[in-house]
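Engineer: Once you've had a glance at the structure underneath, I'll fire off some questions.
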């Protein structure tokens with residue numbers, strides 16, 4: 001074959017490869033991985049509408065579980081969380097925010113976060129009294145379902161009667177924090193910021209809140225400092241805030257030098273950007289085995305605050321490392337053009353405290369998703385698709 005013919009063939013092959021990459025970047029179905037991700041997306045869509053009042057039709061080893069990819073029992077487990085009898089109530093575990101620890105019928109522990117008015121939650125520039133941290137936990141759990149990460153514990157909204165459900169089974173320590181404000185029953189619990197002057201109050205005796213599944217004790221968790229955490233010290237920046245080559249240093253440190261953990265952190269950055277959570281200073285994983293265990297998305301209460309604010313620095317790990325899972329990229333593309341907010345509306349209709357999110361928060365999800373996709377496209381343009389879009393595999397070297 002003559003040189004000119006070889007050049008023509010080579011150009012044609014490169015053109016076809018380029019078109020294939022463009023097809024993938026536009027959310028096409030050109031590869032087996034993309035087709036698999038599309039099938040998973042369709043299954044997620046089909047499972048969004050959960051049946052209210054669902055009951056388990058067979059006996060599980062434990063009906064309280066972190067949900068796998070396909071869980072027909074999910075609606076039944078969430079229903080049980082929202083309706084099971086409270087056997088015991090105590091002050092919450094250590095932390096900064098008010099919560100109570102409940103034990104449900106069958107022995108399952110859950111964390112109850114009561115509704116509290118906060119000026120942190122803004123809609124159209126004004127404090128929004130109909131929304132609070134308990135809404136954030138519910139919404140974050142369903143977003144985790146929609147994104148296909150499945151790393152957030154199960155959460156459901158619930159109304160509890162403080163007089164008939166909580167006080168009869170409460171410990172003395174919790175009971176000592178109860179008080180009345182007018183005709184409303186209140187409690188202030190025990191935590192770093194808990195004050196008798198700032199209790200959570202029911203409407204009469206009925207209190208709205210959220211229940212978060214307490215993971216089984218047989219699955220011990222390990223806490224890690226987030227490599228892109230903030231300093232929380234005025235005038236002092238974290239290294240990632242001024243060093244554009246910071247990701248190169250992270251890639252040399254265990255457990256980010258190999259395995260899935262760095263990609264987990266980048267997935268988490270996308271998740272946090274969508275919900276507006278700039279407070280992920282630590283994260284948890286299951287008992288560590290060299291960085292192979294999954295990152296768990298616990299404590300998403302400081303989310304969906306100001307619907308008008310898009311804090312791009314939350315995406316620092318994404319735009320500094322310029323890499324993301326191919327499956328994450330495919331899922332994001334399938335959620336474009338309003339599909340994300342539509343899926344959230346559908347998923348949240350199941351919850352007892354629906355409407356969970358105000359419309360500006362749902363619109364913010366679509367807007368922020370466009371920002372994530374634009375950021376990944378910029379990485380593709382500068383680093384190339386092969387270096388940016390990473391196939392989902394465990395033993396991934398990052399150096």
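Each position is counted from 1, following the chain as shown.
Cβ atoms are placed via backbone N, Cα and C, with glycine included.
Automated prediction, rather than curation, is the source of TrEMBL annotations.
Bear in mind that the values here come from a model prediction, so they are computed numbers and not experimental data.
TrEMBL lists 97, 113, 212, 213, 214, 215, 284, 299 with the feature ATP binding site. Residues or ranges marked as Mn(2+) binding site by TrEMBL: 132, 299. Residues or ranges marked as domain 'FAM20 C-terminal' in TrEMBL: 180-387. Here TrEMBL flags 279 as active site.
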Engineer: Looking at the binding-site residues 97, 212, which sits with the largest number of other Cβ atoms within 10 Å of its Cβ?
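Structural biologist: When each Cβ's neighbours within 10 Å are tallied, 212 tops the list.
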Engineer: Just name the winner among 113, 213, 279, 284 (the recorded positions) by count of other CB atoms within 10 A of its CB.
Structural biologist: 113
Engineer: At the level of the C-alpha atoms, what whole-angstrom distance separates residue 213 (ATP binding site) and the residue listed as 'active site'?
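Structural biologist: Cα to Cα, residue 213 (ATP binding site) and the residue listed as 'active site' are separated by 21 Å.
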Engineer: Let me know the largest Cα to Cα distance in Å among the ATP-binding residues 97, 113, 212, 213, 214, 215, 284, 299, as an integer.
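Structural biologist: So the binding residues stretch over 20 Å, Cα to Cα.
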Engineer: Using C-alpha atoms only, work out the spacing between residue 212 (ATP binding site) and the residue listed as 'active site' and round it to an integer in Å.
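Structural biologist: Just about 19 Å between their Cα atoms.
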Engineer: Averaged across the domain 'FAM20 C-terminal' (180-387), what pLDDT does the model get? Just tell me the whole number, please.
Structural biologist: 90
Engineer: Could you state the whole-number distance in Å separating the C-alpha atoms of residue 97 (ATP binding site) and residue 279 (active site)?
Structural biologist: 14
Engineer: Tell me the Cβ contacts of residue 214 (ATP binding site) under 8 Å, same chain only and six or more apart in sequence, or just say none.
Structural biologist: 101, 108, 109, 110, 111, 153
Engineer: At the Cα level, what's the spacing in Å between residue 113 (ATP binding site) and residue 279 (active site), rounded?
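Structural biologist: For residue 113 (ATP binding site) versus residue 279 (active site), the Cα atoms are 18 Å apart.
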Engineer: Taking the Cβ of residue 299 (ATP binding site) as centre, how many other Cβ atoms lie within 10 Å?
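Structural biologist: Its Cβ has 25 other Cβ atoms within 10 Å.
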